[in-house]
Amino acid sequence: MRNIFKRNQEPIVAPATTTATMPIGPVDNSTESGGAGESQEDMFAKLKEKLFNEINKIPLPPWALIAIAVVAGLLLLTCCFCICKKCCCKKKKNKKEKGKGMKNAMNMKDMKGGQDDDDAETGLTEGEGEGEEEKEPENLGKLQFSLDYDFQANQLTVGVLQAAELPALDMGGTSDPYVKVFLLPDKKKKYETKVHRKTLNPAFNETFTFKVPYQELGGKTLVMAIYDFDRFSKHDIIGEVKVPMNTVDLGQPIEEWRDLQGGEKEEPEKLGDICTSLRYVPTAGKLTVCILEAKNLKKMDVGGLSDPYVKIHLMQNGKRLKKKKTTVKKKTLNPYFNESFSFEIPFEQIQKVQVVVTVLDYDKLGKNEAIGKIFVGSNATGTELRHWSDMLANPRRPIAQWHSLKPEEEVDALLGKNK
């Protein structure tokens, strides 16, 4: 028993582990770290050597390469500086405008007794626009006129008295004004005053009458438009006065001044078209003009039709040498004539003459009114000149072509200019 007790008192020894014991003290890693450092230095040296090799291959001296690098650096710095400056200025401007707008908004709110946010926004908008100059309305002059309505005769009398302070549209610092008077919307009757030469303060003193029932007068607008007459081109509008008749008390005569307003350019009135044929035989010295037909002529009669016929004048240097005319076609705006007329013109004179074609409305009782006019010749323009040139380029062959009719005064002015 004693032996057993002694055996149990023997100390218990732990079994040995298989793991190796770590040495006590600092670990020497100098070998590994030294190897890594050497490899990085080698790589850097190789890259440096490669870079210098590439630079040496460039066919430029070292100072040139340095200069290029300096210039590139300066450009880069300049670009960065400009971008920064622009951004700073923009922020500063936005901040300033915002502060100014808020200040104006607050002022507007104080003046109006504390309005809502919409009023503050309006103040901001007005504050931003303070620097902009307001465009002054153009001064076109003024017109004095009179109105008088005869209730028994259902007749409106319009007096065009005078104009003042008109703008100068001619080269000499003046204008040649006249007035067109008509009622909208129909424009059935259009009057014109006489042209007053070289003046900016014309005295017209002319009256015009319109037969209009009083019940219909309220739906009409009186227009008095002042134009500058030009003999050789389209007349320019100076300004106009519009008077809605439903705004006027016609119980007594009216006389007043009104400022001229900018008027819309008047579209050229469509007068219709005419088809003519030209044929010239140089050896015989014979010019044949055939009036074939016309279409879409202007309505001249009360019934909405016309009684058209055509006059042909052979002219030279502004003088009428010969005259011919067609028969009258009754009550039509699209007459068919097919009538030919011959003129004896030597070849050496053919470039010196003009053929003037006028379409007129026949009136049994009164004067025959011209609907429109054209002329062909070597001094014509547009389709008229082309027609004449085609005729001369194709002797003995009839050449037909359509022409748009023009106002009589416009063609007469061109003929006078070409004398």
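Each residue, glycine too, has its Cβ placed from N, Cα and C.
Per Swiss-Prot, these features apply:
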type: REGION; residues: 16-39; note: region 'Disordered'
type: TRANSMEM; residues: 63-83; note: transmembrane segment
type: REGION; residues: 99-138; note: region 'Disordered'
type: REGION; residues: 133-379; note: region 'Phospholipid binding'
type: DOMAIN; residues: 139-258; note: domain 'C2 1'
type: BINDING; residues: LEU169, ASP170, ASP228, ASP230, ASP236; note: Ca(2+) 2 binding site
type: MOD_RES; residues: TYR227; note: phosphotyrosine
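Locations of recorded Swiss-Prot features on the structure.
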residue : record                : contacts (Cβ under 8 Å, 6+ apart)
LEU169  : Ca(2+) 2 binding site : SER175, ASP228, ASP236, ILE238
ASP170  : Ca(2+) 2 binding site : ASP176, LYS198, ASP228
TYR227  : phosphotyrosine       : PRO177, TYR178, VAL179, LYS180, HIS235, ASP236, ILE237, ILE238
ASP230  : Ca(2+) 2 binding site : ASP176, ASP236
Checklist entry - CB neighbours of ASP228 (Ca(2+) 2 binding site) within 10 A? => result 19
Checklist outcome for this item: Residue counts for the domain 'C2 1' (139-258) under DSSP, helix then strand then coil, are 7 helix, 61 strand, 52 coil
Checklist outcome for this item: Neighbouring CB atoms within 10 angstroms of the CB of ASP236 (Ca(2+) 2 binding site), all protein chains considered, total 13
